[in-house]
Amino acid sequence: PASITQHQQQQSLGSSLLDQQSSQPSSSGTSSNILQQQQQQSHQSTSPVPSILKPGFHVLLVEDEPVSIRLCTKFLEKCGCTVEVVTDGYNAITALEKDKYDLVLMDIVMPNLDGATATACVREFNNFTPIIAMTGNVDNEDLYTYLQTGMNDILAKPFSQKDLQAMLEKHLAGKIPLALQNNGSREGNIDQLQQFDQNGGDIKRQKL
């Protein structure tokens, strides 16, 4: 399947970074060690395995790059998710004030308002929705800052479909989509929000 790249940097970065930050100062050696561990995993197969997620998770994708939007949306839909896209931090805050999402994928560098600042604002009224940073900045100091703003994890760019699927499963596996918890309703009665094709993994939206 299409991927942003075959170079992987796994989602354990967030927790590893916090552990190392709490025990020692940030250094280029520490950052190098984290990246080295993740690069070792890049030699493993990048082919995604069948997702263990329930279909119907509603994801807010906050990204301004058209190619990344298209590929990330495709990856999410193959995992059975519905996707709403906004292109800057201001619109992300507005979306989270108005609607509920099972998870947020938040780019960092965007016009108008960056992802880290937007996350800090969101955490003033929403502490429960997982917010995952998508970033090519792998410097320890930057990553620690993202986590301190209230982001739950780091998905390092560039990433593959398998990386994204693993991140979704880490935070959503075993959970029930919010739309189903609300008796199948998010904006009215949408009991049949989607049908998930187990063979192709494509979403067929009936009503949003």
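Glycine is no exception: its Cβ is also placed from the backbone N, Cα and C atoms.
TrEMBL annotations:
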type     : residues : note
COMPBIAS : 1-47     : compositional bias 'Low complexity'
REGION   : 1-49     : region 'Disordered'
DOMAIN   : 58-172   : domain 'Response regulatory'
MOD_RES  : D107     : 4-aspartylphosphate
Around the Cβ of D107 (4-aspartylphosphate), other Cβ atoms within 10 Å, all chains included, total 25
Averaged across the domain 'Response regulatory' (58-172), what pLDDT does the model get? Just tell me the whole number, please.
96
Using DSSP reduced to three states, classify the residue listed as '4-aspartylphosphate' as helix, strand or coil.
strand
